[in-house]
Amino acid sequence: MIEFVYPHTQLVAGVDEVGRGPLVGAVVTAAVILDPARPIAGLNDSKKLSEKRRLALCEEIKEKALSWSLGRAEPHEIDELNILHATMLAMQRAVAGLHIAPEYVLIDGNRCPKLPMPSMAVVKGDSRVPEISAASILAKVTRDAEMAALDIVFPQYGFAQHKGYPTAFHLEKLAEHGATEHHRRSFGPVKRALGLAS
């Protein structure tokens, strides 16, 4: 992996999202400005960490970061805008929520939302840039907790296990029980379950 070269600036925020692929729930984003004086060991892409490690790092990030913020776009916004534009909106909300304005924003992936400060997309940033790794961890822990809470209300769908992704089990239960109000109606499998697909 090519080592990432930072822009020449002090306050850098990392931004990442979780939940573009699921059929249910919000897309959740996070923005994090780390404190160089308080380094956090073991930051890595949230998908490569155990749940226990993610939870521990999540608390450490919240405690040590100069600033952190969560953003989200709800299922109805995803349906109205499409998943890409809703994700960009959620990223804008996360950056706007930082109580310290960053001088530069690094975003995981290959495109940036419109922001009031310079920004750059970093492919595989969640494993190359600690600020993005930290954002990835916060977003994933937050969204996983939301799916666990939804699982208590709708136990028949198994949200705590598959986190809303279109697994065979989820698709089977969607066909059997129909969609909840938290499902994304613009997504093909949900449309089909509701009889809306042409």
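We count from 1, first residue shown onward.
Glycine residues also receive a Cβ, built from the backbone N, Cα and C atoms like all the rest.
Quick look at what Swiss-Prot lists:
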{"type": "DOMAIN", "residues": "10-198", "note": "domain 'RNase H type-2'"}
{"type": "BINDING", "residues": "Asp16, Glu17, Asp108", "note": "divalent metal cation binding site"}
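Overlay of Swiss-Prot feature records on the structure.
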| residue | record | Cβ within 10 Å |
| --- | --- | --- |
| Asp16 | divalent metal cation binding site | 31 |
| Glu17 | divalent metal cation binding site | 28 |
| Asp108 | divalent metal cation binding site | 26 |
Exercise. How does the model score the domain 'RNase H type-2' (10-198) in terms of mean pLDDT?
Worked result: 95
For this session: Would you list the other residues of this chain near divalent metal cation - those whose C-beta lies within 8 angstroms of the C-beta centroid of Asp16, Glu17, Asp108 - in sequence order?
Result: Val15, Val18, Thr29, Ala30, Met91, Ile107, Gly109, Gly125, Asp126, Ile132, Ala135, Ser136, Ala139
